[in-house]
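Asks: Take a look at what TrEMBL says about it:
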DOMAIN    15-178  domain 'GTP cyclohydrolase II'
BINDING   Arg57, Val58, His59, Ser60, Glu61, Gln78, Glu100, Gly101, Arg102, Thr123, Thr158, Lys163  GTP binding site
BINDING   Cys62, Cys73, Cys75  Zn(2+) binding site
ACT_SITE  Asp135  active site, proton acceptor
ACT_SITE  Arg137  active site, nucleophile
Amino acid sequence: MTDSPLDNPSIARETGQARLPTRWGTFRIHGFEADNGGEHVALVMGDPAAADAPLVRVHSECLTGDALFSQRCDCGPQLEAAMKRIGETGEGIIVYLRQEGRGIGLLNKIRAYGLQDEEGADTVEANEALGFAADGRDYGVAASMLGSLGVSRVRLMTNNPAKVDGLEATGVRVVERLSLLAGRNHHNHAYLETKAAKFGHHLDAPDGGTDEA
Ligand SMILES: Nc1nc2c(ncn2[C@@H]2O[C@H](COP(=O)(O)OP(=O)(O)OP(=O)(O)O)[C@@H](O)[C@H]2O)c(=O)[nH]1
Ligand SMILES: [Zn+2]
């Protein structure tokens, strides 16, 4: 397997912060620089460090879905739903990781999309045909960012069991998993089915997986 072109450093240092008004309320945006120079951000609302286990979304960058309104995936609506939920709660964090294309980068993701279009590959087969692992993400940098923000226990908005395990492996305690079902449409049906079949995403389950010790 080819190593991911996006190295996955595990330490991120805060570089600055500012006010970020959004449709769902005003966050503070914190900039972080990782060991390899990667740039990530966290959107913080309220005082999550004072909470026992605040609402957190660890979102992997998807330029096409988050910014360009693509319906190939569910990323944009998931990000909106997470920001809305935090806005309604008044407290929480969006950790926005620049791990585009499950870690293979934007240009390789577009090549993978091409293989899906032309050869009928699913997302996993396309990654593997390009010489990458099915999912090359690492959550160490998210743990480092949460640590800087004073958070070590979270209620995580995700359908992805590997994200829960990945965060737990880096020392973040996921006390509850909250489903984040949004943005299903006829273009992303196969993509979502592949996530459920090959990665075990919980796509029809309600909130669950609380493993409070
Ligand atoms: N390599 C590759 N990456 C993709 C593809 N479609 C979406 N992505 C990336 O997948 C990432 C989102 O991961 P997903 O597996 O959809 O969802 P998740 O974040 O693991 O799970 P949730 O927390 O439930 O949203 C983003 O970085 C997207 O850019 C694809 O076809 N190929
Ligand atoms: Zn996406």
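Glycine is treated like the rest: Cβ placed from N, Cα and C.
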Asks: I'd like the number of other C-beta atoms within 10 A of the C-beta of Cys62 (Zn(2+) binding site), please.
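Replies: Result for Cys62 (Zn(2+) binding site): 23 other Cβ atoms within 10 Å.
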Asks: Relative to the Cα of Cys62 (Zn(2+) binding site), which of the recorded positions Arg102, Asp135, Arg137, Thr158 have a Cα no more than 10 Å away?
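Replies: Those close enough are Arg102.
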Asks: Between the Cα atoms of His59 (GTP binding site) and Cys73 (Zn(2+) binding site), find the distance and write it as a whole number of Å.
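Replies: Computed Cα spacing between His59 (GTP binding site) and Cys73 (Zn(2+) binding site) is 13 Å.
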Asks: Looking at the binding-site residues Glu61, Cys75, Arg102, which ones sit with their CA no more than 10 Å from the CA of Asp135 (active site, proton acceptor)?
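Replies: Among Glu61, Cys75, Arg102, the ones whose Cα sits within 10 Å of that of Asp135 (active site, proton acceptor) are Arg102.
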Asks: Spatially speaking, which of the recorded positions Cys73, Cys75, Arg137 is closest to Thr158 (GTP binding site)? Use C-alpha to C-alpha, please.
Replies: Cys75
Asks: Whole-number Å only: compute the distance from the Cα of Glu61 (GTP binding site) to the Cα of Cys73 (Zn(2+) binding site).
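Replies: Rounded to the nearest whole number, the Cα-Cα distance is 12 Å.
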Asks: Mind running the recorded positions Glu61, Cys75, Arg102, Asp135 against ligand 2 and keeping the ones whose CB falls under 6 Å of it?
Replies: Cys75
Asks: Near ligand 1, meaning Cβ under 6 Å from any of its atoms: which of the recorded positions Cys62, Cys73, Arg102, Asp135, Thr158 fit that description?
Replies: Cys62, Cys73, Arg102, Thr158
Asks: Other residues with Cβ within 8 Å of the Cβ centroid of Cys62, Cys73, Cys75 at the Zn(2+) site?
Replies: Ser60, Thr64, Gly65, Asp66, Ser70, Arg72, Asp74, Gly76, Gln78
Asks: How many whole Å apart are the CA atoms of the residue listed as 'active site, nucleophile' and Arg102 (GTP binding site)?
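Replies: Roughly 6 Å, rounded to the nearest whole number.
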Asks: Give the distance between the Cα atoms of Arg57 (GTP binding site) and Cys75 (Zn(2+) binding site), rounded to the nearest whole Å.
Replies: 12
